[in-house]
Amino acid sequence: MELIVSILWLAITAENLANTLATNYCNLQSCKRNNAIHTMCQYTSPTPGPMCLEYSNVGFTDAEKDAIVNKHNELRQRVASGKEMRGTNGPQPPAVKMPNLTWDPELATIAQRWANQCTFEHDACRNVERFAVGQNIAATSSSGKNKSTPNEMILLWYNEVKDFDNRWISSFPSDDNILMKVGHYTQIVWAKTTKIGCGRIMFKEPDNWTKHYLVCNYGPAGNVLGAPIYEIKK
C-alpha cells in the first residue's frame, strides 16, 4: 500500500510540474484581459533577481510545506468550528463547509518566482489555466540570527480577524480600506479556496538587516467582491 501511495504521489507531482512547464503564461487570457504580464512570463529565470543581496533560504523542505498547509488548515477549522472568538462585533460564526487546503506545486513555483524578485508588493498576474489565483505576502526584518518562521508570518495574516466584522461573511465588501485591513485573513478562510503554494527567500537589505519574505498563492482566488466568504452554519 505504501508503494502504491508513493507512486500515486509521484505521478500527481509529475503532472503538476508538467502543467507548469507546458503552460504558456505569456498568453494567459485572464492576464491579458487586465493588461497584466504574468510573473512567469516577466521573470523567466528561476534565479533570484538583482534586488536579492546575499540571499539564502530559498524555497521549502517537504516538512516545511506540510507545516504551512497544516497551519492554514488548523486556522480554517478554528473558524469553521465556531471557535474563533475575536472580531469587531463578536465571534466568527461556524461554517457549513470549509475544506482543507492541499499543496499545489504550480502555485508554489509561481510564488517562488515572485519571491525571488525580493520586491515587497503583489505581482501583477499569477493566475493559472485552472483558476484565478489570490495572494498573501509578508515580510519581517532582523538584525541578528533570529528569523521569522513561515507559521509566525501566517499568524500575522490570520490575526487580522480582530478587525473583521462577521456581517461581511455573506458578501465580501468592495471597500479597499476593508481589504487592506482584513484581506489576508479572508483569503485564508475563503471556503472555495482549496489549493495553496508558497515561496520564501531571505536576503540582505542595504542597511544590513536581513529581510524574511514569504509569498503564498491560493486557488481558486478568494476576496471576490460581493461573493460569500463562507456559508454560515445555522
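Using the three backbone atoms N, Cα and C, a Cβ is placed for every residue, glycine included.
Taking Cβ-Cβ distances under 8 Å and a sequence separation of 6 or more, the neighbours of C41 (disulfide bond) in its chain are Y25, C26, C31. The feature disulfide bond is assigned by Swiss-Prot to C26-C41 (among others).
Residues or ranges marked as disulfide bond in Swiss-Prot: C31-C125 (among others). Cβ-based neighbour count (10 Å, all protein chains) for C31 (disulfide bond) stands at 19.
The Cβ of C118 (disulfide bond) lies under 8 Å from the Cβ of P48, G49, M51, C52, Y55, I201, F203, K211, Y213, each of which sits 6+ residues away along the same chain. Under the heading disulfide bond, Swiss-Prot lists C52-C118 (among others).
There are 28 other CB atoms within 10 A of the CB of C216 (disulfide bond), with all protein chains counted. Marked as disulfide bond by Swiss-Prot: C198-C216 (among others).
The domain 'SCP' annotation in Swiss-Prot covers 69-218.
The region 'Disordered' feature in Swiss-Prot is assigned to 80-99. The residues of the region 'Disordered' (80-99), classed with DSSP into helix (H, G, I), strand (E, B) and coil, number 1 helix, 1 strand, 18 coil.
Per Swiss-Prot, signal peptide is recorded for 1-22.
A Cβ distance under 8 Å defines the sequence-distant neighbours of the region 'Disordered' (80-99), meaning residues of its chain 6+ beyond its ends; these are 161-167, 169, 189, 191, 194, 230-233. In this structure, C216 (disulfide bond) is part of a beta strand by DSSP. Cβ neighbour count for C26 (disulfide bond) (all protein chains, 10 Å cutoff from its Cβ): 13.
In the three-state DSSP reading, C198 (disulfide bond) counts as strand.
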